[in-house]
Ligand SMILES: Nc1nc2c(ncn2[C@@H]2O[C@H](COP(=O)(O)OP(=O)(O)OP(=O)(O)O)[C@@H](O)[C@H]2O)c(=O)[nH]1
């Protein structure tokens, strides 16, 4: 027969397994794991104390066991808050733990009232798990898979409801003499759900951590770590999606290919580290001046690409000239002295049925002309002129 003690013992083993899983994730340094780890330790220590209710003093089996249970729930909340970049309110939680522990002591040693103790614990659990569900739903990262967050929030809400029902149940029945042998169907059911709540929520936490790790790996793969621009591979992926959308909707899409002028000279004069700084600074001011939805990618070395959705050639040329002027006026200074630079830009706007390779080849050709025509300028290929023999004339000087 399923006794209450065996339910709690199984939960303790389950929590131990979860603790080991969290231990393996501690070195990732992801915020929240330490708090979840601590929460599981508290639960693992609390459960045997509940089981040994008749064999050990009340101080351990009631006061300490409940204090640890409350701390475990607070620890789980604090872990979620930290994971989501929210304040964990540790001081307030510590005050709540102290007050509830005092309530346990008063209604054990003063007036030994089991119902008040149960009501205090179940009310607190219902509140902290509702707060956990709310923080998970309100602050989950919107650019990531929602499933782990919904799962954790649903379990938290289910647990909160069970705690309310448990409180109501003990409020209406005749209080039992011994809780551990009180194996009515309601008590067993509510206690079982309550018991598996924290291990299940820890499982959801592990799912959230895996999601965060995946997001950080994807982020590293999709960005150039030196400049913060997106990687060439990711820019191409975005470009292919945007080209398909442009073909579908009939909206325009322009591509700028930007190359820093005489960059070798900057490296040779000031050193490679200053060259790196120039690339970083160029990327920083360029990203800052683009709209949401535009993308700057590093194509390699000192060459960058900018994708401009919903932008025709005329506007793209204006944007390119704005970027060119801003770079020309940009002075980078440091212990090496001061250094300035200029950029050349090739502009191309997607044509009907055209793919990314052709679009970028056209922007590249325009860049080639910008370089050949003196650098620090913008060149764009005119749509209607594609005659190979007149290629040199096919570019309009857009350096205005
Ligand atoms: N500091 C630094 N230099 C780089 C990086 N990637 C490429 N380079 C250097 O950029 C220089 C590019 O030189 P070139 O291809 O001759 O081009 P350029 O000197 O800019 O001349 P134009 O493009 O014709 O104006 C090379 O010396 C590369 O070593 C980088 O990440 N950091």
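Placement of Cβ uses the backbone N, Cα and C atoms for every residue, glycine included.
Here the structure is a predicted model, which means the values were calculated and not measured.
Under the heading transmembrane segment, TrEMBL lists 6-25 (among others).
Among the features that TrEMBL reports, transmembrane segment is placed at 37-53 (among others).
Under 8 Å from some Cβ of the transmembrane segment (59-78) lie the Cβ atoms of residues 32, 35-36, 38-40, 42-43, 45-46, 49-50, 52-53, 88-90, 93, 96-97, 100-101, 104-105, 108, 117, 121, 124-125, 128-129, 131-132, 135, 198, 201-202, 205, all in the same chain and six or more residues away from its ends. Look at TrEMBL and you will find 59-78 (among others) tagged as transmembrane segment.
Sequence-distant contacts of the transmembrane segment (90-109), counting only residues of its own chain at least 6 positions beyond either end whose CB sits under 8 Å from a CB of the stretch, comprise 58, 62-63, 66-67, 70-71, 74, 77-78, 116-117, 120-121, 124. Marked as transmembrane segment by TrEMBL: 90-109 (among others).
TrEMBL lists 115-137 (among others) with the feature transmembrane segment.
Residues annotated as transmembrane segment in TrEMBL: 149-172 (among others).
Taken from TrEMBL, the feature transmembrane segment covers 184-206 (among others).
The domain 'GGDEF' annotation in TrEMBL covers 251-383. The domain 'GGDEF' (251-383): residue composition by secondary structure is 59 helix, 42 strand, 32 coil, according to DSSP.
What TrEMBL records for 376-400 is region 'Disordered'.
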Segment-level pLDDT (mean, integer) for the domain 'GGDEF' (251-383):
95
Can you work out which residues elsewhere in the same chain, 6+ from the ends of the transmembrane segment (149-172), have a Cβ less than 8 Å from its Cβ atoms?
80, 114-115, 118-119, 122-123, 125-127, 129-130, 132-134, 136-137, 140, 186-187, 190-191, 193-194, 197, 200-201, 204-205, 207-208
Recorded stretch that, among 6-25, 37-53, 184-206, has the most CB pairs under 8 Å to the transmembrane segment (115-137):
184-206
